[in-house]
């Protein structure tokens, strides 16, 4: 659980340190409003020279998704092991008591 909080903290810290580097535009032009048809500017991070915000978030999302499935697999495995252990214990207890009764 602590590792997940650390990773989320790092992801938030990297997002907070994002540096927006717009495409080169002439100095004499001013942008009054972003047109809806115009594609959004790409956002790059100071840590990486070629990783955009979308790529970064996709990478972090895949990592979080992988951890979620790994935990889910571990929980299901533990439940199955517990059920088999209890079933084995019940059969063993039945066998032992049958030795004394019968």
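Even glycines carry a Cβ here, placed using N, Cα and C.
Positions annotated as phosphoserine by Swiss-Prot, on the basis of sequence analysis: 46 (among others).
For 48 (among others), the entry in Swiss-Prot reads phosphoserine, with the evidence type sequence analysis.
Swiss-Prot lists 41-55 with the feature region 'Acidic'.
What Swiss-Prot lists as topological domain 'Intravirion' is 1-75, and the listing cites similarity to another entry.
Feature annotation from Swiss-Prot assigns topological domain 'Virion surface' to 97-102. Summed and averaged per residue, pLDDT over the topological domain 'Virion surface' (97-102) gives 80.
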Looking only at the topological domain 'Virion surface' (97-102), what are its DSSP counts of helix, strand and coil residues? 5 helix, 0 strand, 1 coil
Counting only residues at least 6 beyond its ends, the same-chain positions whose CB falls under 8 A of a CB in the topological domain 'Virion surface' (97-102) are none
